[in-house]
Every structure is written in C-alpha cells, then in structure tokens.
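Undergrad: Got a structure for you, questions after.
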Amino acid sequence: MKAFPVICLGFAIFSSSICVNINILQQIGYIKQQVWQLSYYSQSSSSYVVVKLLPNIQPTDNSCEFKSVTQYNKTLSNLLLPIAENINNIASPSPGSRRHKRFAGIAIGIAALGVATAAQVTAAVSLVQAQTNARAIAAMKNSIQATNRAVFEVKEGTQQLAIAVQAIQDHINTIMNTQLNNMSCQILDNQLATSLGLYLTELTTVFQPQLINPALSPISIQALRSLLGSMTPAVVQATLSTSISAAEILSAGLMEGQIVSVLLDEMQMIVKINIPTIVTQSNALVIDFHSISSFINNQESIIQLPDRILEIGNEQWRYPAKNCKLTRHHIFCQYNEAERLSLETKLCLAGNISACVFSPIAGSYMRRFVALDGTIVANCRSLTCLCKSPSYPIYQPDHHAVTTIDLTSCQTLSLDGLDFSIVSLSNITYAENLTISLSQTINTQPIDISTELSKVNASLQNAVKYIKESNHQLQSVSVSSKIGAIIVAALVLSILSIIISLLFCCWAYIATKEIRRINFKTNHINTISSSVDDLIRY
C-alpha cells in the first residue's frame, strides 16, 4: 500500500508556503477527487482546411461507370447549394442596393444576416475577410483536385498553413482502389454507394445548423470530426505545437470552425479554423475536493474549505474556474482565476486540524459518503453502514470523524440501502485520534429555508398570542388600578377629613378655653372694679 501524505514537494515552516496533507484531510471528510494540469489558451491564429467531398476514382480495366457517384454528386450539390448561396449573399451585397454596412472597411449584406447578435456579426466579418484570400483558396483548390493523398499542405505567399483533407478519399485509397480490378462493376458500385450514403447521412446530420445560415452558426465538434474524418490527429498535430491529444483539444471546443466558401464545381468546402495558442504551466495543478459530513464533537458537521484549489509548487489558491474548459486530464483557461487563501485555511490544508473551521449541518440532504479509488469514505454516525460480505454492522467510534472502508474490511457495502462493491485497498497507512475544540464549530452554512421559515412563523404566532395575553393583562391591570385609585383617594380624603375634624376640634377647644379664660379675667376685673367703687363710696 502506498501513502500520499502531501501533494506538493516541500514544506516551509517559517512562511505561508504549506503543502496539502491529503491523509489528514481525508480523515475529516475532505477528499481529493480529480487533478488537472493547468493550461492557458488564446485564439491567436487561423488556418484554412479544404475538404473534398467527392473522391477521385482510379480508372479500371473494365471502365466501370459508377452511378452511385453521379447520384451522390447530385445529392451533395442540393445539400451545398443553400450554403453557397447564403455565403454569396453575405459576402457580396446586391450591386444596386445600398442596404449594407461596413465593418472595418468590409461590406456585409445586412439583408442576408437578418437579426444578428454582435458575435454573429463578428462571424460574418470573419467570413467576408476570408474572401480576400481567394488566391490562396484557388491554389488549394487546384492542388487538391488532382491528388489522391488524404493530407496535402499548401503554402502561399502569406505563409498561412492550409491542410487539405479528403476523408472519403482516405477510405477509397485504403479499401476501394486496391480492389477495383478484382471485383465486378456492380459490386464496386454498391460498396461505393454504401460508403457515400453513410457519409452523406453524417454530413446532413451534423451540418444542419449550417444549412440555415453558415455565417451565424459555428461548426460543431461533430462537424469538424466528420469533415476531417480519420485525419483529425494529423490535422491537429500539424496546426498545433502541443503534446496534448487531439481528442482533448476537440472535446474542449478549443478549435472553432466556420464555412467560408463552397465550390460546387469541384465539390469542395473551405473551412476557416481558429487555431488556439496553448501554453501549459508544468508545475500548476488544479485539484478538486469533495466534502462530506463528519462526526465532530457529538454532532454532524462539515469542514469549511474550497471545493477547488490551485497548487503551484507549495502555494495554494482558491480556483473557481468558472470560465474554464475541462477535459479528462487538462483544464484550459484564458486567464488565471486564482483567489488568495487565509493563513488559517492554508494551515488547515496542511493538516493542522486546530486551524480548521467546521459548521453544523443545517439541512437533511447532505453528502455523507463518497467513492474514492474503489473504496468508500462515509460518515457512519449519520447513516447506516452495513457490510453484507461478510455480514456485520460497521461502527464508527466517537473519536473518528469519518470511516474509510476498503477491501480488507468489507467486500459488499450497504449505505442506507444502497449497495456498493469494494474493489480496492485504502492507501491510508495510519489513522489518528482527532481532537477538535468547540470553538472551531461555527454557523457558516446556508440555512434550511423551509425549516427556518416554519420556525419564524411559529415564533410570530407565539408572539401574537403573547401580545394578546399581555393586552388582556394590561386591561385587567388598568381596571384594577382605577378601582384601587378610587379607594386610595377615598381613604386619603377620609383621613384628611378626620385630621381636619380633629384639628378643628382642637382649635374649637382651645378657642373655647381661651374665651373662658378671657371671660374669667373680665369677671374678675369687674369684681375688683365693683369693690373699688364700693370702697370709694364709703
């Protein structure tokens, strides 16, 4: 068993340059899935491909007359005539008409274009520009018409490379011409009719958009493949200086073609192919990861790391690749889409679990397992893992975030009723107990809208209920408060009345006593006065 603990080649302790530790990341539910070689491309040049759709037939000793060729020629003429007329209408506006417009000094028939987008007008401009290469096209036409070779290169004064392809001629050269003198004319005619009929059917199928308007419809991958036939690898290698296979270049759609001319007399089609310039960055890898849920601190969580990263040497970036074209082994981009990663994210990628961030699962539909090179990595605490061969349940300990199931532990695995056959051994040579603090789990996942809305609605209903109860209580408290206020006021008034009465009584008592005292003094004075008067009289 092999172990792949890291992807990059070095480790910088005192810098932010850190390697990706595949082993540790897999143990917390972050699994490497696909690695692409990063290449950049741009549409920088073009080439013309002359396709001869009617093969040359060598003369035979018995001078066979092939009716199939005549019929094929007639059918093909009917097929190509609309394309030729359409191209002529776009490239050559009517002599007496002013209904045309100039783009970069080129006259284009607007009536032939109809309603067109900017990209379609650009394609029409390209088509008209191709007409200026009439001398080169004529040279290619004359060169290919007399030859039986499947690929022929013609260079004119402009030094533009043109590759003449004869897909049917390649079939005629290898099969038909070697048997011309050994078979009867009828047999040869039947075989030739079969080959031509199949090829015509294929052309009719893949060129259907071009029959409508070739200037506004680029040639599809299937059409290019049909035009080039078995010579596709040779054409790609002759026009592109790259070691990338022709299949990947065509599948990525990097080669775009457009019909620029149809020569009905010679049954030839001239296609302009935009040739990209491809540059491969040898030390740049784009890596795809799949995140599955893991069992962290007694709850289902998922790690917060980018799904795709770019690694150049021992540096990592987030790499969305939104405008890139992916094939089996390569990713083609027109520019670098790299985004910086924080130091904590890089440390987490390096296997420093204490720097990783997890978020609890908010919804029920979560990826809980993934296939990895013939093995299964699953969160067996959140789904049922049952081995059927041999038959036993698979238990995931608390200190394991996920479980890796390979051929040594199970041959037929059932995950919540889904059966899988395990065919490989795991390349992980060790597993360690993971310790993750509670502070590393934060809510960063998008919420489950339906669940949260139901909670909000329930909270609102409860709030309305509580508000009604509160209003009722407030009303009760208000009435009670009024009654209490009246009682208090009555008591206060009564007390004040009693106090006032007491004060009045005290004042009356004091006043009465004072009046009596005054009266007593007055009577005493009167008595004295009377006594004095009596003394005076005596």
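Quick reminder: no glycine exception, Cβ is built from N, Cα and C everywhere.
Swiss-Prot feature annotations, pasted as is:
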DISULFID  Cys324-Cys333  disulfide bond
DISULFID  Cys348-Cys356  disulfide bond
DISULFID  Cys380-Cys385  disulfide bond
DISULFID  Cys387-Cys410  disulfide bond
CARBOHYD  Asn56  N-linked glycosylation site
CARBOHYD  Asn73  N-linked glycosylation site
CARBOHYD  Asn182  N-linked glycosylation site
CARBOHYD  Asn352  N-linked glycosylation site
CARBOHYD  Asn427  N-linked glycosylation site
CARBOHYD  Asn433  N-linked glycosylation site
CARBOHYD  Asn457  N-linked glycosylation site
REGION    103-127  region 'Fusion peptide'
SIGNAL    1-19  signal peptide
TRANSMEM  483-503  transmembrane segment
Undergrad: Among the disulfide-bonded residues Cys348, Cys380, which residue has its Cβ surrounded by the fewest other Cβ atoms within 10 Å?
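TA: Across Cys348, Cys380, these disulfide-bonded residues, the one with fewest Cβ atoms within 10 Å is Cys380.
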Undergrad: Per residue, counting other C-beta atoms within 10 angstroms of the C-beta, which of the disulfide-bonded residues Cys333, Cys387 reaches the highest number?
TA: Cys333
Undergrad: Rounded to an integer, what is the Cα-Cα distance in Å between Cys348 (disulfide bond) and Cys324 (disulfide bond)?
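TA: Cα of Cys348 (disulfide bond) to Cα of Cys324 (disulfide bond) measures 27 Å after rounding.
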Undergrad: Between Cys387 (disulfide bond) and Cys356 (disulfide bond), find the distance joining the two CA atoms and give it rounded to the nearest Å.
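TA: Given the Cα positions, Cys387 (disulfide bond) is 32 Å from Cys356 (disulfide bond).
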Undergrad: Within its own chain, what residues at least 6 apart in sequence put their Cβ under 8 Å from the Cβ of Asn73 (N-linked glycosylation site), listed in sequence order?
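TA: Set apart from Asn73 (N-linked glycosylation site) by at least 6 residues yet with Cβ under 8 Å, we have Leu54, Met267.
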Undergrad: Between Cys385 (disulfide bond) and Cys410 (disulfide bond), how many Å separate their Cα atoms?
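TA: Cys385 (disulfide bond) to Cys410 (disulfide bond), Cα-Cα distance: 11 Å.
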Undergrad: Is it possible to get the count of other C-beta atoms within 10 angstroms of the C-beta of Cys324 (disulfide bond)?
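TA: Taking all protein chains shown, Cys324 (disulfide bond) has 21 Cβ neighbours within 10 Å.
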Undergrad: How would DSSP class Cys380 (disulfide bond) in three states?
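TA: Going by the DSSP assignment, Cys380 (disulfide bond) belongs to neither helix nor strand, so it counts as coil.
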Undergrad: Go through the disulfide-bonded residues Cys324, Cys333, Cys380, Cys410 and tell me which ones have a CA within 10 A of the CA of Cys356 (disulfide bond).
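TA: If one measures from the Cα of Cys356 (disulfide bond), no disulfide-bonded residues come within 10 Å, so the answer is none.
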